[in-house]
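Per TrEMBL, the features are as follows:
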type	residues	note
DOMAIN	7-280	domain 'Thiolase N-terminal'
ACT_SITE	CYS91	active site, acyl-thioester intermediate
REGION	244-264	region 'Disordered'
DOMAIN	307-430	domain 'Thiolase C-terminal'
ACT_SITE	HIS387	active site, proton acceptor
ACT_SITE	CYS417	active site, proton acceptor
Amino acid sequence: MQNIRRVAVIGGNRIPFARSNSRYAGASNADMLGAALDGLVARFGLAGQRVGELVAGAVLKHAKDFNLAREVVLGSKLDPHTPAYDIQQACGTGLEAAILVANKIALGQIDVGVAGGVDTTSDAPLAVNEDMRRTLLKLNSARTLGERLKIAAKLRPHQPFKPEIPRNAEPRTGLSMGEHAARTALRWEIDRQSQDELALRSHQRLAAAYEKGFFDDLVTPYLGLTRDQNLRPDTSLEKLGSLKPVFGNRGPDADRATMTAGNSSPLTDGASTVLLASEEWAREHHLPVLAWFSWSENAAVDFVHGDEGLLMAPAYAVPRMLARAGLTLQDFDYYEIHEAFASQVLATLAAWESKEFCSDRLGLDAPLGAIDRDKLNVNGSSLAAGHPFAATGGRIVATLAKLLAEKGSGRGLISICAAGGQGVTAILER
Ligand SMILES: CC(=O)CC(=O)SCCNC(=O)CCNC(=O)[C@H](O)C(C)(C)COP(=O)(O)OP(=O)(O)OC[C@H]1O[C@@H](n2cnc3c(N)ncnc32)[C@H](O)[C@@H]1OP(=O)(O)O
């Protein structure tokens, strides 16, 4: 048996996140992931080096990007002998990529690897409708002009004008992420004021982190942006309180709708990368270790047949990970809970505080309990920074690792909810 090795987070690099259909509207996934990787390669002197593996992904991908990760390696200064491949785990993609790389390092299969993620809703893949698609495929494989004309004659004029636009919705329910989260917010009675306060804190903390230079070695300017474009340092509880609900605002519970554009993460474009390595590789390359990647756990909920909220899987994954690691929910210095929606973060915390949920759903004798909210998302999170789906995991891993390095020692929890009723969670330590 090989030894299990400690896995070091060496650092990360991302581009500033942009609002959808804005600064990065002309950039592709490959452009943005390439830019994030270029910054990482420059920061850690990786030019010309063969990295064990680069694992990356995007939630929304064009068919031509069948192996986006490898294409990005070929366009980078890394040694082209670096193997690379794509994965997809919805909003958990970036963290899942880091877990995959970390596990290979731990098992001694590679010594160093890069995890990445990218997404753009501005350059989302558009498909023609099903009839049109099949007709075009037949046209493409027709052998003679006669055959082609026969197939083309069947084309109805309205067909090309009905594209299928990817929706931010669950295929099995037809409901958007926001509509699902609105149901969860009602179930856990998450009030508007708490959501707006969480959103305000996210903006204030992200702004403060930029002001004190925290992101100077984590974020590389791109296409004229030096900071996350969604960041609103001047927002206030009054402004947030004046916004109209955008999810859960139809049907019998419309008057109880609480989720707005201010307390929901925005549609965002961006990319992130993280460098992970064995202790020996880090030492040989004279690169300091920010933190150790120690535990991870995934969970899934049955949101289709059961009454579990679509984005509640981290509420199940974290207790399983804590049991495996022999830790309690309070044994952390930092909590990085992805802010898909403010209500989602608050529902997850409420579930851990609930005696009923912890006993009925988790089979625990006592609730996991409350966390110290001052330790939650201390440098802001997705409500302020934005959420380019697959890039969020890398943003969080790099941010938390740097936080732990600055503190000198400690432990941080990462929790990311994902479409499909899944959750990806991990622990970093120093
Ligand atoms: C996918 C997974 O696997 C798991 C997950 O993470 S689930 C989460 C996935 N992500 C999503 O579902 C994205 C959800 N978000 C959205 O769909 C859209 O951003 C949204 C519908 C919420 C809002 O869209 P929009 O209306 O275009 O937003 P936007 O125009 O920016 O804002 C609306 C108004 O609120 C204001 N506003 C927004 N945030 C504000 C803030 N923090 N402070 C003050 N005002 C704010 C804007 O200025 C704007 O005002 P005006 O109309 O006066 O210009």
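For all residues, glycine too, the Cβ spot is worked out from N, Cα and C.
Structure with TrEMBL features highlighted.
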residue	record	DSSP class
CYS91	active site, acyl-thioester intermediate	strand
HIS387	active site, proton acceptor	strand
CYS417	active site, proton acceptor	strand
Per-state residue totals over the region 'Disordered' (244-264) - DSSP helix, strand, coil: 3 helix, 6 strand, 12 coil
Residues satisfying Cβ distance under 8 Å from CYS91 (active site, acyl-thioester intermediate), sequence separation of at least 6: VAL59, HIS338, ALA340, HIS387, PHE389, ALA390, THR392, GLY393, ILE416, CYS417, ALA418, ALA419
Active-site residues listed as HIS387, CYS417, least Cβ neighbours within 10 Å: HIS387
Mean predicted confidence [pLDDT] for the domain 'Thiolase C-terminal' (307-430): 98
Structural state census, the domain 'Thiolase C-terminal' (307-430) (DSSP three-state): 57 helix, 23 strand, 44 coil
